[in-house]
Amino acid sequence: MLRKGSCKPGSWGSFWAILALVGLVTRAAQRADVGGEAAGTAINHSHMLLQRLQDLLRQGNASDVILRVQAVGTDEVRAFHTHRLLLGLHSELFRELLSNQSEVMLRESRDCAAVFDKFIRYLYCGELTVLLAQAIPLHRLATKYRVASLQRGVADYMRAHLAGGVGPAVGWYHYAVSTGDEALRESCLQFLAWNLSAVAGSAEWGAVSPELLAQLLQRSDLVLQDELELFHALEAWLGRARPPPTVAERALRAIRYPMIPPAQLFQLQARSAALARHGPAVADLLLQAYQFHAASPLHYAKFFHVNGSAFLPRNYLAPAWGAPWVINNPARDDRSTSFQTQLGPSGHDAGRRITWNVLFSPRWLPVSLRPVYADAAGTALPAARPEDGRPRLVVTPASSGGDAAGVSFQKTVLVGARHQGRLLVRHAYSFHQSSEEAGDFLAHADLQRRNSEYLVENALHLHLIVKPVYHTLIRTPS
């Protein structure tokens, strides 16, 4: 065991010399072992090295630095007998901190102190096991001590495990904002948008900040039952958070009232505590919604613009906007189905429906990959294998007519994944308005594999949504 105290000027050089000598001896031994064999044969004993490093950390042999970690607000102190060389290899901050002292007191928050042993283990072995609740404190430690590889690793873990539960997504979003991690912030925001119904029904909904709420309310890709569900979720948030009146009124004005049927609007005006308190702030929007429902969209568009966000549906799961489709054994063969949606959200079109036909093909081959004949004898070039194809989904109207004048249809397909008994949205694919299919639909999915992330009990869970998009009429001179 080395003595505690300031490191000697030659200690780093001696340590590196020892490592270099070990490397030369190991290399010579490997050459001797493979003396008569072909060049390039490798012997990999890296797992033995990892085991030695674990033993070194656990036993504290030849340690030259003691880290004492105290949890803030407690008297609890944990001591770690470590080696400045190994700590300094990963962290420039540790290299500076330990350059002239052999014992350091570190003060960390309670959650960071609780995982400090995992953090130190990573510096020795380059690996650790992470739980959801440990992600933020580990990322904080990696950021504080400038361990870039662990920062990236934990951030990747958080993005990959957002579907592990709606609770972490809210906390992780706020953490990403505080640290400036834009990639993690956007991943959390996307997960929350796609699974808003689950988020709004959880205890974490009250922890949503006004800034996050504003970000969500302005999005058109929110997945929820209907706009009325969003209003009730907002009203519940207002009751818990009790924000200033300006924040509450701004949030209430983000609701898309034309997407709510008139009968439900009447009930909201009569029973909603939020509208009773802030009704004057949204009176113009309610009047706009009633006017929209009272006239045909074509007539309304002659006097008002209908291409604003208030007239654009979100991703509603209600039957009027689409239908679920569960495809068992999706890799087996082609499937087809049909469903109906309402012509538009206007009350004037409440009884008018459009029928849509859907075709799913698990192994569709583009023309460029299909077998062709190249010579006069009719000899075929090698045919493309079935696995060379990609999944394809085509959505077409059963008939066309004048009912859709002034409106186009935006199609969206949601792909669900089950986690801990819940079905969450894992992916969403949007079609171009002029297209009948999404070009990248399940482009990287392996439907042959039963444990594919896209499958739930060997079934593909889709939800097909068709959103009418209104266009402002172009007036022509008479």
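Each Cβ is built from the backbone N, Cα and C atoms, and glycine gets one as well.
Model, not experiment: these values are computed from the prediction.
Quick look at what Swiss-Prot lists:
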type: SIGNAL; residues: 1-28; note: signal peptide
type: CARBOHYD; residues: Asn61; note: N-linked glycosylation site
type: DOMAIN; residues: 63-132; note: domain 'BTB'
type: CARBOHYD; residues: Asn100; note: N-linked glycosylation site
type: DOMAIN; residues: 169-269; note: domain 'BACK'
type: CARBOHYD; residues: Asn195; note: N-linked glycosylation site
type: CARBOHYD; residues: Asn307; note: N-linked glycosylation site
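Closest in space to Asn61 (N-linked glycosylation site), of the glycosylation sites given as Asn100, Asn195, Asn307, is Asn100, taking the CA atom of each residue. The most densely surrounded of the glycosylation sites Asn61, Asn100, Asn195, Asn307, judged by C-beta neighbours within 10 angstroms, is Asn195.
Asn307 (N-linked glycosylation site) sits 26 Å from Asn195 (N-linked glycosylation site), taking the CA atoms of both as reference points.
Across the domain 'BTB' (63-132), the model assigns an average pLDDT of 92. Cα of Asn100 (N-linked glycosylation site) to Cα of Asn195 (N-linked glycosylation site): a distance of 52 Å.
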